[in-house]
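Asker: Grabbed the feature section from Swiss-Prot, which reads as follows:
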type: BINDING; residues: 43, 44, 108, 139; note: [4Fe-4S] cluster binding site
């Protein structure tokens, strides 16, 4: 049986030297250890249960879900974002340390979905509140599509420059269109419609004698005549 012999490397061998830049090293460390903050408000968020399971196992990409925005550098938004939830989403994003990334998951998050047609309280796209790096359409997106979006984000991180990423992005943020509300008189103020309580003067009155002289049910036409 032949034993395995390892080659003896000379100390002057050029292949033993790794040359890189500080920017590439920083990008490699960040793309290999993304800590996401899972922000779900609707049905698309259920797909994360499949990702955490053993079949897809998104832990192999170094993703460790965090419950605090101060410990996360990636936020995955899934579901409909309403006007009431918009301030909390912006606050969570602002509490995340730089550099930070956003993946918009699902049609309701990207465009408002079916709720954006007639709803007055739905934000028409999460990019009106926070900047989005990767858009992931679907209703809901499959777990394979979520993994593909994470792979695209990792490639984007590998090509970026750190100084450009941490540059303030307040000027790039745009907010949703202001909704116009008109003040109208409330119908429940105690002023009832008098026409519903009191009949018009043209209606003929029915006397008590005429009403009680009929022992059998009669029509209203007979009572009036």
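Glycine residues also receive a Cβ, built from the backbone N, Cα and C atoms like all the rest.
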Asker: Taking 43, 108, 139 as the binding-site residues to compare, which has the smallest set of other Cβ atoms within 10 Å?
Answerer: 139
Asker: Secondary structure at residue 139 ([4Fe-4S] cluster binding site) (DSSP, helix/strand/coil)?
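Answerer: For residue 139 ([4Fe-4S] cluster binding site) - judged by DSSP and reduced to three states - the answer is coil.
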Asker: Would you count the other CB atoms within 10 A of the CB of residue 44 ([4Fe-4S] cluster binding site), including those on all shown protein chains?
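Answerer: The answer is 25 other Cβ atoms.
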Asker: Other than 43, 44, 108, 139 themselves, what residues in this chain have Cβ atoms within 8 Å of the centroid of the [4Fe-4S] cluster site's Cβ atoms?
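Answerer: Other same-chain residues with Cβ inside the cutoff are 42, 78, 79, 80, 106, 107, 109, 113, 138, 140.
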